[in-house]
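Per Swiss-Prot, active site, proton donor is recorded for TYR143. Look at Swiss-Prot and you will find LYS173 tagged as active site, schiff-base intermediate with substrate, backed by similarity to another entry. Residues annotated as aceneuramate binding site in Swiss-Prot, with similarity to another entry given as evidence: THR51, THR52, SER175, GLY199, ASP201, GLU202, SER218.
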Amino acid sequence: MSQRVKKLTGLVAATFTPLTAEGEINLSVIAAYVDYLIEKQNVKSVFVNGTTGEGCSLTVDERKHLAAAWCQHGKGKLEQLIVHVGCMSIKDSQELARHAASIGADGISVISPSYFKPINADALRLFIKEVSASAPDLPMYYYHLPGMTGVALEAADVLNGIEREIPSFQGVKYSGTDLRDLGQCVCYSQSRDWSVLYGVDEQLLGALVLGVHGAVGSTYNYLGHIVNQMLSAFNNGNHTQTRDLQFGFMEVITFARTLGFDVSVNKQVMSEVSGLPMGPPRLPLLPCPVSKAQAIAQKIHNFTQGL
């Protein structure tokens, strides 16, 4: 990768995957989805086919169609489109990486395999390297999500020396809660001009203090405009406003968790707040009762109306 890469910063929406009532991907929603993120949330970068998007429950072909639709409708509108290509099979990940390059994605990301797990950081780096080699001109971001993968490796150990093996490596989507490990990632990335994006939405303020460059999350699909205010307040040194916004955000998430806040609930909340038909989740996730999502949406409305 020879050309200079535009650094990935700010808010990145981890997109949901719209499905029809029959459980098929619904590409007709994507164009309006792009406009909603930009016009209503002021969020101009996306992370497609990740956890929020139920990527690991989709077929390779479905993931290709979704990525292509986001590229098609986001062209000239979105600042950056990162495609998650992680799979249990390295061959599938490589195929998705090549496809992402062919459609003009701005970068790719890969999560650790979680059935046959890498036994150490060297093994995981090798996996990332072989996926990246299928799209060597695309920036590569490691997706660290130990809570879902069960891979108990520290991200800082994975990053150590990775630039010597993967010239296109550009950073990490850190979706763990270990702030010490996160801080080490930020420290290591500083001299390399990489991006460290935080992925635990309700703890963003702590990550900002450590120096992360932005955040990737599901709630930025419908609370991005509020979190953008928080980022502005933080960057302007208004720590009281930043903290108050974070506390309000935490209150919403805490309320949602009392009702059970998994991907299926979050997806229905997105439908309620945005008006876009996200549809049901894919099994084994079960549909969310509308009343539960409406209660969370009302909590979000109350929070945002006071700002």
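Glycine is no exception: its Cβ is also placed from the backbone N, Cα and C atoms.
What you are looking at is a predicted structure, and each value in this text was computed from that prediction instead of being measured.
Positions of the features from Swiss-Prot, shown on the structure.
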{"residue": "THR51", "record": "aceneuramate binding site", "CB count, 10 Å": "20"}
{"residue": "THR52", "record": "aceneuramate binding site", "CB count, 10 Å": "25"}
{"residue": "TYR143", "record": "active site, proton donor", "CB count, 10 Å": "27"}
{"residue": "LYS173", "record": "active site, schiff-base intermediate with substrate", "CB count, 10 Å": "29"}
{"residue": "SER175", "record": "aceneuramate binding site", "CB count, 10 Å": "24"}
{"residue": "GLY199", "record": "aceneuramate binding site", "CB count, 10 Å": "27"}
{"residue": "ASP201", "record": "aceneuramate binding site", "CB count, 10 Å": "20"}
{"residue": "GLU202", "record": "aceneuramate binding site", "CB count, 10 Å": "17"}
{"residue": "SER218", "record": "aceneuramate binding site", "CB count, 10 Å": "24"}
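Each residue contributes its Cα atom, and for ASP201 (aceneuramate binding site) and TYR143 (active site, proton donor) those atoms are 15 Å apart. The separation of the residue listed as 'active site, proton donor' from SER175 (aceneuramate binding site), Cα to Cα, is 7 Å.
Secondary structure at TYR143 (active site, proton donor), as computed by DSSP, is strand. Taking the C-alpha positions, the distance from the residue listed as 'active site, schiff-base intermediate with substrate' to THR51 (aceneuramate binding site) comes to 12 Å.
Taking only the Cα positions, the spacing between GLU202 (aceneuramate binding site) and the residue listed as 'active site, proton donor' is 18 angstrom. Of the residues the record lists as binding aceneuramate, namely THR51, THR52, SER175, GLY199, ASP201, GLU202, SER218, the two whose Cα atoms sit farthest apart are 17 Å from each other.
Separating the Cα atoms of THR52 (aceneuramate binding site) and TYR143 (active site, proton donor) is a whole-number distance of 13 Å.
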